[in-house]
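Visitor: Pulled from TrEMBL, these are the listed features:
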type: DOMAIN; residues: 105-169; note: domain 'Ig-like'
type: DOMAIN; residues: 224-310; note: domain 'Ig-like'
type: DOMAIN; residues: 315-396; note: domain 'Ig-like'
type: DOMAIN; residues: 421-484; note: domain 'Ig-like'
type: DOMAIN; residues: 489-565; note: domain 'Ig-like'
type: TRANSMEM; residues: 583-606; note: transmembrane segment
Amino acid sequence: GNVSLAPQNPPQDFVLCSWYRSATAAETSRILTCFPHTPLVQQNGPAHTGLETAGPGCALHITGLTLNDTGNYTVQIQSPTSPGLGTVVLRVYGKCHPGSCGQSPSPPSVPIEPGAVTLRCEAGGSPVSYNWFKDNEIVKAGDHVPLSSDNQTVMLDPGSRNDLGSYTCLPPTLPDPSHNVVGRLHWNLPHKPTEWWCWTPMLCGWRGSTHGNALSAPCTEMLPRPTVTPNQTLVLENKTFTLRCNSSPSADTVLWLRDGASLASSDRLVLSSDNRTLKVLNVTRGDAGAYQCEVGNPVSSIRSEPGTVTVAYGPESARIEPSELLPQLLGSLVHLTCVSESVPAPHYRWVLNSTELKGTGSSLTLNLTSLDQQGMYMCQAQNPITSLTKNSTSLVIQVQGELPGTAPYTLFSLRHPENLGSPSADTVLWLRDGASLVPSDRLVLSPDNRTLTVLGVTRDDAGAYQCEVRNPVSTKRSEPGTVTLAYGPESVRIDPPGPITLTLGSPLTLTCVADSIPAPSYRWGLNGTDTNQTGSSLTFNPMTLDHQGTYECRAHNPITNRTVSVCVTARFPTSPLGLSPGAIAGIVIGSLAGAVLLGGLLYFLLRKTEG
C-alpha cells in the first residue's frame, strides 16, 4: 500500500523541511529535504530508498509499503516565524490469511517498566507452531521471555526498555507468509531519562507527542548574539593573535568573517575543533580589520559585533615636505611637514644642525627672523609599539637679507648648472677660486656630487665657485658663482684719534672706519645727542663751545644686524692767562672790530684831504 505523512497546519513561510526515518533529526537517517519552490525541489538524503517523494505542505509520500517501513518518522521545518520539529510512529501491518491476527490479552498502549506484557498470535487453519520476530530478528525463549508450547503466546516478564521494538509472528502454514505486526512497545520509565536538555527561551512550535505519562517535545532556541574577545587587538607583524567566539552551546555552526568576508582555515588561519577559537599565525598587514563570528542552528543565525584587529608596523621611511626650498628672505614663514608610513601614528622630533628643536608634532612652522635659523633640518619618526625609528634626509634652508648683489650665509648649498647636468657626466668636481675642493666635515657632497653644502661658514669660504664635469671624451667647467660672506662691523675707529685740540675757526673733519661686509651705514652723535649726520665723515667749523665734547660714530651692518660705536674727545685749548675760550673769542672779535673801525677812519681822512 501507500501512505502520506504531513504536518498539521505547517507555517506558510517555511523555507525548507526535512524528513527523517528515526526519532531524531540525524543526518544519516534523513530521507529527503524539500524546498517550496515552483516546481517543488526535492533533495534526497542517505535514507532515501527510491519510494519516497515530497509533496505540497511539507508532505511525505511513501509507495509500496513494507513491514520495514514501520517505525518513527521525524519532520523538521525551518521557518523565520514558526520553526519546529515533530515525530510520528508509522505502523505497517501484514496480511494474515486464511486466519486472523490479534493480541491477547491486549497490552497497554504504553507498558510501564517493569510490568509484564503478553503477545498472542492467531491464524486460521491448524498451525503447528509460530515463529516470533523482534525487529526482524527471531525471538528465542529465555529467562524473562517464556513461550507457550506452540509458540502462539510470548510473555515479556518483566518488561524492560531493552524490549522496545516491533514484534511479528509468522504462521508457518501460510504458503506465502506475510508478517503480522502484533504491537510496537513504548516504555514509560519511573526514573529520569539518561539524557535531557533545557534552554530558554523556548521559541519553537509544538511538535511533540504524549504516551501515557511520557512527554516528548524537541525544541531549539533562537540564538542570542555572540561576542568576540578580545574586542580590541594590537599585534606586531609576524606575531600571533587569537580570537574567541563566545556563544550559546546550542549553536550548531560557527563561521568567522573579516570585514564581512568569510574566512577559511589555512596554514596561517587555524580553527579549533568547535570553530569557536581562531588563531592567526605570522600576522601580516592584510590581517588587520573587523572580525566577526556568525553562529547558526536550524531556526536562527546571528553575527557578533565586530572585534577590531590592528597590525602595528613601521615607520618604513620618513621624509620632509616640501623636499626642496629656494633661499628664504628674513621675515619669511616656512611650513614643514614630516610624512611617515606607520601604524600607529609615530612620534616626531625635529633637528636643526644636530640640535633638537622644541615640539614633537608632524608639522613645523618657522618664522625666519634670524640667520641662526638657517641650516640642515631633519625629522625623526618613532613608532611607540614597534620601537623602530626612521630619519628623513636633510632639508637645507637658506636665509638671506635683501642686499642686492650679495648672498650672505652661515650655511649655503650650491647646485651645478643645468646646462652642465647631462646624465652622461661620469665625474663632478668642485672648485673655489680655481682650486679643487675635498669633502670634509664642513664640505658635504650629495651622493651624485652635484650638490655642495658648506656648513659653519667662515670668511675663507667666500670666493668664486665652479663645478667641473667629465666623461671619457670631454671636460667642461661652469661659469663662476660668487659667494660673499657677511660679517662685521669690526675694528671700528675714528681718524684722527683723540683727544683732539680744536682751533677756533679752523674746520675739522672726522672719519669713521670699520671692517665690515657689506659696507656699514654710519651715524654721528655729540655728547649723547644724535646730530642727524650720516656718512663715514663728519666736517664742522668749531666757533663756539658747543662744538667741543665727545663725538660718537655708530657703524651698523644691515645683514648681520650688528651695530658698533666708537668715541673721540675734541676740546678747545686752555689759555695761558687763564682766559676762557669765550673770553679769547671776545678779544679776537673785539680786535677785529677795532681794526675795521680804524681802517674806515683812515679812509675817510684821506678822501677829505684830497678834496
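Every residue gets a Cβ built from N, Cα and C, even glycine.
Predicted automatically and left uncurated, TrEMBL annotations should be read as such.
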Visitor: Could you give me three numbers for the domain 'Ig-like' (224-310), the DSSP helix, strand and coil residue counts?
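Guide: Taking each residue of the domain 'Ig-like' (224-310) in turn, the totals are 3 helix, 46 strand, 38 coil.
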Visitor: Tell me, roughly as an integer, the mean pLDDT over the domain 'Ig-like' (421-484).
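Guide: Mean pLDDT, the domain 'Ig-like' (421-484): 85.
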Visitor: Under DSSP, the domain 'Ig-like' (489-565) has how many residues in helix, strand and coil?
Guide: 3 helix, 48 strand, 26 coil
Visitor: As a quick check of your reading of DSSP, tell me how many residues in the domain 'Ig-like' (421-484) are helical, how many are strand and how many are coil.
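Guide: Residue counts for the domain 'Ig-like' (421-484) by secondary structure: 3 helix, 31 strand, 30 coil.
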